[in-house]
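Chemist: According to Swiss-Prot:
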type	residues	note
ACT_SITE	Asp68	active site, proton acceptor
BINDING	Ser7, Asn8, Asn9, Lys10, Asn11, Lys12, Thr69, Phe148, Gly149, Tyr150, Asp151, Lys171, His176, Arg177	substrate binding site
BINDING	Asp68	Mg(2+) binding site
Amino acid sequence: MKLVFASNNKNKIAEIQSMLPESITILSLEDINCFEDIPETADTIEGNAILKADYVTQKYGYDCFADDTGLEVDAINGEPGVYSARYAGEQKNADDNMNKLLKALENNKNRSAQFKTVITLNLEGKQYIFTGIAKGEITETKTGTNGFGYDPIFKPENFDKTFAELPLEIKNTIGHRGKAVQQLIDLLTATK
């Protein structure tokens, strides 16, 4: 089965493809000649995932799935949330985003946070929504070189390492995206 993933983020595509059974092949937006930026104008993570999946299905006619992820930090009222990718500005720079977040939490003892991924799947005229959450805390410094985004400053519950220090296989099992993707896989393998 071939399925379009409404993303050109090569890190995300590789991470998700590594979790899928060999029978499911991901096509990127580039693979279907979609080079425009898909609007992410919703004010929720769920809303953005739906917007992206619907855009590809309606404009290009493909069954597809899309995701949106946000980091929600308790001490700053759930920020950066839906604005996680552009928290420090439209340039979407991960280091700038992490630095801004670390500055916002400076001298704050409450560092509780959660990553939330929502995947919307448009398949054969039906829409499915899957949510994965990984609870943890924001560290005081960046540690590790694996992963991307906020991974160097997010330490998942019951671990003494950040996502950026953990092997991809472990992150995929305990992480927000991995949990949502597993729900996607369960549905796709059940409907074959």
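Counting starts with 1 at the first residue shown.
From the backbone N, Cα and C atoms, a Cβ is placed for every residue, glycine too.
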Chemist: According to DSSP, folded down to helix, strand and coil, what is His176 (substrate binding site)?
Modeler: helix
Chemist: Could you say whether, by DSSP, Gly149 (substrate binding site) belongs to a helix, a strand or a coil region?
Modeler: coil
Chemist: For the C-alpha pair, I'd like the distance in angstrom between Asn9 (substrate binding site) and the residue listed as 'active site, proton acceptor', rounded off.
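Modeler: That separation, Cα to Cα, works out to 12 Å.
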Chemist: Helix, strand or coil: which one is Asn11 (substrate binding site) in, per DSSP?
Modeler: helix
Chemist: Per residue, counting other C-beta atoms within 10 angstroms of the C-beta, which of the recorded positions Asn9, Asn11, Asp68, Gly149, Asp151 reaches the highest number?
Modeler: Asp68
Chemist: How many Å lie between the Cα of Asp151 (substrate binding site) and the Cα of Asp68 (active site, proton acceptor)?
Modeler: 16
Chemist: Pairwise over Ser7, Asn8, Asn9, Lys10, Asn11, Lys12, Thr69, Phe148, Gly149, Tyr150, Asp151, Lys171, His176, Arg177, annotated as binding substrate, what's the top Cα to Cα distance to the nearest Å?
Modeler: 21
Chemist: I'm trying to understand the geometry here, so how far is the Cα atom of His176 (substrate binding site) from the Cα atom of the residue listed as 'active site, proton acceptor', in Å to the nearest whole number?
Modeler: 11
Chemist: Hey, how far is Ser7 (substrate binding site) from Asp68 (active site, proton acceptor), Cα to Cα, in Å?
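Modeler: If we compare the Cα positions of Ser7 (substrate binding site) and Asp68 (active site, proton acceptor), the gap is 10 Å.
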Chemist: If you draw a 10 Å sphere around the Cβ of His176 (substrate binding site), how many other Cβ atoms fall inside it, taking every protein chain shown into account?
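Modeler: I get 26 for this one.
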